[in-house]
Amino acid sequence: MQYKELLHKLLTGTDLSGKEMEECFSGIMLGEYPDSVIAAILALLQKKGVTPEEVAGAYFAIISKALPVQLGDNAVDTCGTGGDQAGTFNISTVAAIIANGAGVPIAKHGNRSVTSRCGSADVLEQLGYRILLPPDKTEMLFRETGFAFLFAPLYHPAMKAVAHIRRELGIKTIFNMLGPLVNPAKVHRQVVGVFDMRVMEIYAQSLIRTGCSHALVVHGKTENGDGLDEASICGPTRIVEIQNGEITCHDVEPETFSLSRCTIAELQGGDSSRNADILLRILDGSATKAQTDAALFSAAMACYVSGRATCIDDGLSKAKGSLESGNASKQFSRILALNAELAGK
């Protein structure tokens, strides 16, 4: 489709088909459109509101150009959209490590900080993880430990074509939604935290279209009613569950899982050094109860979607066992050691 025809459709508020969107984003990734046209497409999509078909079309365009990495069919990703401005520590990253200690294979897709002071890549790098490990060695690490971190800029080199345009636009675009979806390992099991409750249904429908087998899309609230792209122990959490093509929705409270409420201030993070310290304290048992419970809640969800647990309650039991036995800490030390060894070869 010529970009003038594409722009005309978007200007009139017409939704694109999945095929049209895939062709459009393939053109964007390949640098076939002028920067001004790409900026217009992104802004008009945002104004119109994206559909699941459009999100899925963009997904297929981006994933087809990602560096391939083979991590099997059962790996789980815990990744949020960011954008909630809450300043929490790296909850989903700690949750992934705890779940891995419970036997859950993890393919954590992440990046450096965009909307916070410390992204998942920043905190892992602070702890010594070599985030630029190439795909073949990442596969070796995963085979030995069941854990891999997939640094988004390494696996999505074509995304560089739009990075400066996104910065110049300075608004949320469809790319903010796509981040958690375009895991280069093509995971079928996910826990996705979203910053805006209004996009939960779009996410769920998009996940079905991209081949998801079991996922939880979550949006939490603070004690003040502000949104979080995490499951919350400060207030209620809405969970949209996708399993075998079916979508269900329910709201839960911390007390549903015998978790104590806390304030958002108790979950505040900081720079990579501060967040790395919190992560290690959670693993060694010296963190606050609020910090530990927040990580356990998200880890429980990862255990559930992996199939290692029959429900979130059972997942919480598995996650607690991972921490209390010391297995999460030992496993993470093993991951760091092997990661460094592979990076040095």
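Cβ coordinates come from backbone N, Cα and C, glycine included.
Computed from a predicted structure; not experimentally measured.
Among the features that Swiss-Prot reports, anthranilate 1 binding site is placed at GLY80, ASN111, with the record citing sequence analysis. Sequence annotations record features per position, and here Swiss-Prot assigns 5-phospho-alpha-D-ribose 1-diphosphate binding site to GLY80, 83-84, THR88, 90-93, 108-116, SER120 based on sequence analysis. Per Swiss-Prot, the feature Mg(2+) 1 binding site maps to SER92, GLU230. Under the heading anthranilate 2 binding site, Swiss-Prot lists ARG166. Sequence annotations record features per position, and here Swiss-Prot assigns Mg(2+) 2 binding site to ASP229, GLU230.
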Nearest of the binding-site residues (HIS109, ARG112, GLU230) to ARG166 (anthranilate 2 binding site) - Cα to Cα: ARG112
Entries of HIS109, ASN111, ARG112 which, being binding-site residues, have CA atoms within 10 angstroms of ASP229 (Mg(2+) 2 binding site): none
Helix, strand or coil at THR88 (5-phospho-alpha-D-ribose 1-diphosphate binding site) [DSSP, three-state]: strand
For HIS109 (5-phospho-alpha-D-ribose 1-diphosphate binding site): DSSP state (helix, strand, coil): strand
Binding-site residues: HIS109, ARG112 - member with fewest neighbouring CB atoms within 10 Å: ARG112
Winner by Cβ contact number (other Cβ atoms within 10 Å) across the binding-site residues ASP229, GLU230: GLU230
For GLU230 (Mg(2+) 1 binding site): DSSP state (helix, strand, coil): coil
Among GLY80, ASN111, GLU230, which are recorded as binding-site residues, the nearest neighbour of THR88 (5-phospho-alpha-D-ribose 1-diphosphate binding site) by Cα: GLU230
Fewest-neighbour residue among binding-site residues, criterion Cβ within 10 Å, set THR88, SER92, ASN111: ASN111
ARG112 (5-phospho-alpha-D-ribose 1-diphosphate binding site) to GLY80 (anthranilate 1 binding site) - Cα separation in whole Å: 13
